Amino acid sequence: MALSSAWRSVLPLWLLWSAACSRAASGDDNAFPFDIEGSSAVGRQDPPETSEPRVALGRLPPAAEKCNAGFFHTLSGECVPCDCNGNSNECLDGSGYCVHCQRNTTGEHCEKCLDGYIGDSIRGAPQFCQPCPCPLPHLANFAESCYRKNGAVRCICNENYAGPNCERCAPGYYGNPLLIGSTCKKCDCSGNSDPNLIFEDCDEVTGQCRNCLRNTTGFKCERCAPGYYGDARIAKNCAVCNCGGGPCDSVTGECLEEGFEPPTGMDCPTISCDKCVWDLTDDLRLAALSIEEGKSGVLSVSSGAAAHRHVNEINATIYLLKTKLSERENQYALRKIQINNAENTMKSLLSDVEELVEKENQASRKGQLVQKESMDTINHASQLVEQAHDMRDKIQEINNKMLYYGEEHELSPKEISEKLVLAQKMLEEIRSRQPFFTQRELVDEEADEAYELLSQAESWQRLHNETRTLFPVVLEQLDDYNAKLSDLQEALDQALNYVRDAEDMNRATAARQRDHEKQQERVREQMEVVNMSLSTSADSLTTPRLTLSELDDIIKNASGIYAEIDGAKSELQVKLSNLSNLSHDLVQEAIDHAQDLQQEANELSRKLHSSDMNGLVQKALDASNVYENIVNYVSEANETAEFALNTTDRIYDAVSGIDTQIIYHKDESENLLNQARELQAKAESSSDEAVADTSRRVGGALARKSALKTRLSDAVKQLQAAERGDAQQRLGQSRLITEEANRTTMEVQQATAPMANNLTNWSQNLQHFDSSAYNTAVNSARDAVRNLTEVVPQLLDQLRTVEQKRPASNVSASIQRIRELIAQTRSVASKIQVSMMFDGQSAVEVHSRTSMDDLKAFTSLSLYMKPPVKRPELTETADQFILYLGSKNAKKEYMGLAIKNDNLVYVYNLGTKDVEIPLDSKPVSSWPAYFSIVKIERVGKHGKVFLTVPSLSSTAEEKFIKKGEFSGDDSLLDLDPEDTVFYVGGVPSNFKLPTSLNLPGFVGCLELATLNNDVISLYNFKHIYNMDPSTSVPCARDKLAFTQSRAASYFFDGSGYAVVRDITRRGKFGQVTRFDIEVRTPADNGLILLMVNGSMFFRLEMRNGYLHVFYDFGFSGGPVHLEDTLKKAQINDAKYHEISIIYHNDKKMILVVDRRHVKSMDNEKMKIPFTDIYIGGAPPEILQSRALRAHLPLDINFRGCMKGFQFQKKDFNLLEQTETLGVGYGCPEDSLISRRAYFNGQSFIASIQKISFFDGFEGGFNFRTLQPNGLLFYYASGSDVFSISLDNGTVIMDVKGIKVQSVDKQYNDGLSHFVISSVSPTRYELIVDKSRVGSKNPTKGKIEQTQASEKKFYFGGSPISAQYANFTGCISNAYFTRVDRDVEVEDFQRYTEKVHTSLYECPIESSPLFLLHKKGKNLSKPKASQNKKGGKSKDAPSWDPVALKLPERNTPRNSHCHLSNSPRAIEHAYQYGGTANSRQEFEHLKGDFGAKSQFSIRLRTRSSHGMIFYVSDQEENDFMTLFLAHGRLVYMFNVGHKKLKIRSQEKYNDGLWHDVIFIRERSSGRLVIDGLRVLEESLPPTEATWKIKGPIYLGGVAPGKAVKNVQINSIYSFSGCLSNLQLNGASITSASQTFSVTPCFEGPMETGTYFSTEGGYVVLDESFNIGLKFEIAFEVRPRSSSGTLVHGHSVNGEYLNVHMKNGQVIVKVNNGIRDFSTSVTPKQSLCDGRWHRITVIRDSNVVQLDVDSEVNHVVGPLNPKPIDHREPVFVGGVPESLLTPRLAPSKPFTGCIRHFVIDGHPVSFSKAALVSGAVSINSCPAA
């Protein structure tokens, strides 16, 4: 009813308003239609159908034919609707620009909000352009403008205000903007505040001055302080009173008596009025001002008729709504009473139901009435839709006519002059006409009436909206009533059903008795069957027990011969034969054809996979897993037997419960029988009148009896199937389970019997093994690896040559891919864990994967060693050589291992003499006849040798250790990679070992394990020498004897991955799907699990040590990100962590770590659509697919250990998967030690250990950095400090204030350097690399002995040291001498405090790559000085624009930035535009194209005009060009003095890619577009020569070029993307100069200026005063943490430089006196992907820096003779040649800049004097 009444009230006014709108649309008035619910109605003017006027092309219609309101005249004379977005009804003829924009809008089409307003003006409704809420929309708006950012409104405040919403006063002002009527006023401290501040310092709310200087006091520092007198405001001469400490007059200085009080009416003297009185006086003054302001505000409130009418309307509406609400409440109470009465008795229930049915009919009639009104509304809406369709058709007709009559054609000069004469005549005719005063008056009157009608309609519209808000409430109440009625009806039906069921049960009792008797008989029979089954089960259980004992015997036999499984030589032969897959043809093809490198890379990838499929390693691993399989079989048999036993026990329990159930059913049967007898007696005693009824009841009872019998039989069946009540079923199950246990036992016996037989056969066959098979395998492996070793260096040399020729071309990616595949091939060879037998004459040269730089300070090598069986006649082992790692000359710089005098001896040489460390505690002759672990280690000059002797029968191990130390100064093993060899077991005949290692070759078996953190193998060899297969049978090794290999774990080296195909073969996706895995890693980032299916994916990865889950199963809302936001579980601590991923009910993802819930996430219900899973990584083609790269930028493979991968609790052996790559067995402890740490300038690590740094201390570490300053190490004990730091590239050691510094000052070169510091009572020494510096007698006396204490020391920085900045770079291989521990390398993972430090990744840094641009705008040749400065020779290649995408290893992702520094872009495509002369210039092109040329290019644009291609001679007489005009392609060149012009018919500015070929052959031209349209023209040939001279301009031309030949609109730069420029089939890629060209980015763009990673800068068009006073403000969104932002430089050396450094903003200024600077480190990182505002203010010698809400300032020296200079300003970068020696070259800025303002004036980069490099002016990739 409310709906119908509301429509009846609103409909007449709405019809009246529609009629008014129709009059407004058809008449000559200025009214524009009213907007309903945001829709914008635009009138139309339909010309008469009888006579349609035709206007000639280019003529205007007579002035009398003026268009109606809302339309304008086009050049063709038609009336076209104004496009003002509903915010105006007037626009200018000809252009269509809107005037008189309303609703706070502006712009050519009223599409923008006015300054100070915010909203969506396109919606065309007044509520969408609202005043800026800064802080309040209307009453307190103190912003110039505002904008939205991340859903919040950000304000650009007036000068006096600050804060995101201008909610507080700026520094130097006071007030409370949040208080209505309050404003921010300037602080008035009478000039007595701190002069070093830019502004006066006062309380930001009250305005009371702080820190009054010059002996003043008071609220505004307006009077002299107590004890002083004088003029504090003007003269500022407050002097000390001469009253002997007594009071004096504050003005005259006259001494006053103690307790003096001034006369009434005078101000209180200073001595008697305390601060509280003055504060109270000031507060009262402020209160009075606030009262006056509030009074004026109240008086200004409008109390006119309109306000009263509005209030009355609101009151009337409220009263009406209250009345209707009370009516609804009364009805609701009535309904409630009726429902309560219905629940009391059944009779009242039936009457109430009838009453409710009647009321329901009434409600139905009302609903039909509402439905009828709704149908009327729908019909009315349909009429409106039809009118809208008619309007759309008319608009389309007008548009077609406009296109037909408005098509532009090129006019000859004669036609243009004729048109101008005609236009002048028309203008004169217009001027001669009389003005339209009368019409204007009529229009104004009608406009006033329309506005009045509009206001009335708006008030009715508000009433209508308020009424509509009541509809949901009313409808909700109706729904509640209907629901209650439905519930009541259901309750009645249920009650009736219960009555009928009761009657049925009473009639069926007789039949139940008979059925229960039969049931009891059946139960007795089942009991007999149960007893028989129990006896059978007891007999069956004896068989599994016997089987288990037999299996135990088999296991013992298998474990006894398990050590010989590794010697399965027949399987070894197959694996070794697969290693020769690399052919010479592949290498030659890669050298000859660089363009086919990708295809060869794919081929190598396939061969790489095939080298590990079904070969030696896999079969050897299969053999090593036999024991594990046997254990699994036995375990499964035990579980099956236990399950059978439990089932039998449950059967006993079920049988014991049968008796109870039988008794219960018997009692029930008796009760039913009694009830039946009672009913029968009642039936016999009934009267004859009830006989008929009784007969009917009996018939029904019989029918129900048969139905009940059926139901009872079903119940009996269910009873038999019950878990506790059915003995037969449980016994059957027990019988089946027992039989299954027997079958499993037999299968285990059948499976283990062949194994036992095979073990026996292998043991016998290995004694008589045919050496020919192994000879073939070893020779095949030797040839393959020899070929690989010879081919790979040649291939790498050739690839390096290609990369040097084109350092950043697209070939680099393919070259890098080949390198990666070669590394993976070597990685596979390194993981072959099989030993080699040496006979004393054989030798192996191993290929070391470890960097020689990593071996300088720290070297650790481990291997398995088994000496030969000792002959009885020998008492000790003969001297033997084991291994050598060092230089080829073998005179210095080496390490080795040998057996001397029956002792294992570790030898190392650091440049002068040998150090020998014999392990004399365990002679070699006493070693067991199986493998032992040997480990040699060196830290600096300290060396160790370890021996671990395992036990085959237990897990016990014997450990032996021996230490040694080099007595000289050297501490580095300085090896040259080109001059280093690694020999094992022996050496070739042409190599001469050093004297200490010149021994006979080793006899026995060796197997390499690790070198530093890398896994190595003898099978990754370069050469083998004298390896005789007949005597070199590898020895079997029982890995299970060693502690580190007892767990079935896998090692991922960061380059490989495991693949499990068809995981559903062992488990199914169900209601609960679960993945489990255990990981152990010190790394920060890595991929753990990945599943991919098209665009759908699931990914579990680690970022900064915390888990992230990304998944998309085809969700409509896109991918879901599950993140450990609370940081509950950090897993990169080198400990095992159990990770579980649970997917519940296809709609909830749960992350569990170490059995603790971390986080869960709900999603759209969707099943998991995957079958394959990648573990620890994935192939590059998977990681780099577009579907993953859009959401998953992290593509770092996992490095560390994994074990226990399970799907649905089913285990998978990762090494059994055929596609597993780069995964080894075991978990080497050395690979999990964090020996290195990376610091970012804001990080450090700390530990507390017992070390004495001031007494007998020695320590050392490696460091690598590009920064000249930084704190490397810090320790403090009270006032005594021990530190090592970098200062301008010099290493400085500071011990208790005494500094020792290195001689060399260039240690910030990005190379690794080793520092050793030693402190003794008489000398402090510092050694950097091999340079020693010392300070003797540091204390000039006896040094005080100090005890070692446990105090904290720091690496990489310190939170308590302010002298040095924190370190940026890598620190590794640190060690200390301790009292209680041996010298060993520090494991940073054990440190207690780690702040923003990466303990795994240590990126290799190098000097930044700068793009050298030429000075000036249009110079075509580079200057020699720039070549010298850049270090390039004359033949150095010019900048290649294709090289904008550098290889990933040279441009790593900034780990501290949220956004990638290289946004997604189309390969080899570049974006032009933004400036009028955006372009690339190409010079020195090969080949002559004077007679004939064929150019091709791809383009994409939405612009209608622009230059694409241009080349000419110097005078531009001969030229060739391709450009866009009106969206059409135009190809033009000259033939003599004539111009040949080919123009396309279609437009190609549709935003799609198009291929264009333009061909010139003397006087003929051809234009081919997309290979489909061929346009051809020709001119008569001439004998004139056609000569052009470069450069070729692409995307635009230099200023002043092409004006002679091309129309002005098409001279400016092409706006769009160009790609693949070719000349005669050859690509043109090397650009000599680039101006405002960036890669063609994909994805959304936003307004701003983008500076790409390739470097570039903008030179502003106006000079800038960098002298005494200025203010710069701008917003940035960086994609790197460092870079130049603004730079200005004068000729006399003064400069301003604003730049970022590791997230810190720094301002450096030189004012002619000296340098001074300030910096701000924001709390919120600048690299968080959001916009940040930076402001730099300078006033004389004071410079203030604002970064968001953080403020800092510096006061520099005053220049007595300052000079203002106006010099160019560089933004985003600066040429290196302009930097002074005091300014180190900085990286160019990478990211976006917008809203750049200088001294309050916005700066437009599109008007810049120069845009050089990769800079996009008007667009920026969105975050």
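Note that Cβ sites are derived from N, Cα and C of the backbone, with glycine treated the same way.
Record features, source Swiss-Prot:
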COILED    320-403  coiled coil
COILED    473-528  coiled coil
COILED    581-614  coiled coil
COILED    662-724  coiled coil
COILED    777-806  coiled coil
DISULFID  CYS84-CYS98  disulfide bond
DISULFID  CYS101-CYS110  disulfide bond
DISULFID  CYS113-CYS129  disulfide bond
DISULFID  CYS134-CYS155  disulfide bond
DISULFID  CYS157-CYS166  disulfide bond
DISULFID  CYS169-CYS184  disulfide bond
DISULFID  CYS187-CYS202  disulfide bond
DISULFID  CYS212-CYS221  disulfide bond
DISULFID  CYS1005-CYS1035  disulfide bond
DISULFID  CYS1201-CYS1227  disulfide bond
DISULFID  CYS1370-CYS1402  disulfide bond
DISULFID  CYS1617-CYS1640  disulfide bond
CARBOHYD  SER39  O-linked glycosylation site
CARBOHYD  ASN104  N-linked glycosylation site
CARBOHYD  ASN215  N-linked glycosylation site
CARBOHYD  ASN578  N-linked glycosylation site
CARBOHYD  ASN581  N-linked glycosylation site
CARBOHYD  ASN646  N-linked glycosylation site
CARBOHYD  ASN758  N-linked glycosylation site
CARBOHYD  ASN761  N-linked glycosylation site
CARBOHYD  ASN787  N-linked glycosylation site
CARBOHYD  ASN810  N-linked glycosylation site
CARBOHYD  ASN1288  N-linked glycosylation site
CARBOHYD  ASN1366  N-linked glycosylation site
SIGNAL    1-24  signal peptide
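Here the features listed in Swiss-Prot are placed on the structure.
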residue : record         : DSSP class
CYS98   : disulfide bond : strand
CYS110  : disulfide bond : coil
CYS184  : disulfide bond : coil
CYS221  : disulfide bond : coil
CYS1005 : disulfide bond : strand
CYS1201 : disulfide bond : strand
CYS1227 : disulfide bond : coil
CYS1617 : disulfide bond : strand
CYS1640 : disulfide bond : strand
By CA distance, which of the recorded positions (ASN104, CYS187, CYS212, CYS221, ASN1288) lies nearest to CYS134 (disulfide bond)?
ASN104
For the coiled coil (662-724), provide the mean pLDDT of the predicted model.
56
Based on Cβ atoms within 10 Å, give me the single least packed residue among the disulfide-bonded residues CYS202, CYS1035, CYS1370, CYS1402.
CYS1402
Which of CYS1201, CYS1227, the listed disulfide-bonded residues, has fewest other Cβ atoms within 10 Å:
CYS1227
Provide the three-state secondary structure of ASN1366 (N-linked glycosylation site) computed with DSSP.
strand
Since the record lists ASN104, ASN215, ASN1288, ASN1366 as glycosylation sites, which of them has the fewest other Cβ atoms within 10 Å of its Cβ?
ASN1288
Between the Cα atoms of CYS187 (disulfide bond) and ASN104 (N-linked glycosylation site), what distance do you get, rounded to the nearest Å?
34
In the structure shown, which of the disulfide-bonded residues CYS113, CYS1640 has the fewest Cβ neighbours within 10 Å?
CYS1640
Between the disulfide-bonded residues CYS184, CYS221, CYS1035, CYS1402, CYS1617, which lies closest to CYS157 (disulfide bond), Cα to Cα?
CYS184
Can you check which residues sit near CYS221 (disulfide bond), meaning Cβ under 8 Å from its Cβ, same chain, 6 or more apart in sequence, and list them in order?
CYS189, SER190, ASN192, SER193, CYS209, CYS212, LEU213, ALA232
List the same-chain residues at least 6 positions away in sequence whose Cβ sits under 8 Å from the Cβ of CYS84 (disulfide bond), in sequence order, or say none.
GLU90, CYS91, CYS98, CYS101, HIS109, CYS110
Just counting, how many other CB atoms are there within 10 A of the CB of CYS184 (disulfide bond)?
24
Among the disulfide-bonded residues CYS166, CYS1227, CYS1617, report those whose Cα falls within 10 Å of that of CYS155 (disulfide bond); none is a fine answer.
CYS166
CYS113 (disulfide bond) and CYS1640 (disulfide bond), distance between Cα atoms, whole Å:
31
Taking the Cβ of CYS169 (disulfide bond) as the centre, how many other Cβ atoms fall within a 10 Å radius?
27
Candidate recorded positions ASN104, CYS113, CYS1227, CYS1402, CYS1617, pick with smallest Cα gap to CYS1035 (disulfide bond):
CYS1227
About how far apart, in whole Å, are the alpha carbons (Cα) of ASN1288 (N-linked glycosylation site) and CYS1005 (disulfide bond)?
53
Residue among disulfide-bonded residues CYS169, CYS1005, CYS1617 with Cα closest to the Cα of CYS202 (disulfide bond):
CYS169
Which whole-number value in Å describes the distance between the Cα atoms of CYS1201 (disulfide bond) and ASN104 (N-linked glycosylation site)?
65
Tell me, if you would, which residue among CYS155, CYS157, CYS166, CYS187 (disulfide-bonded residues) has the fewest other CB atoms within 10 Å in the structure shown?
CYS187
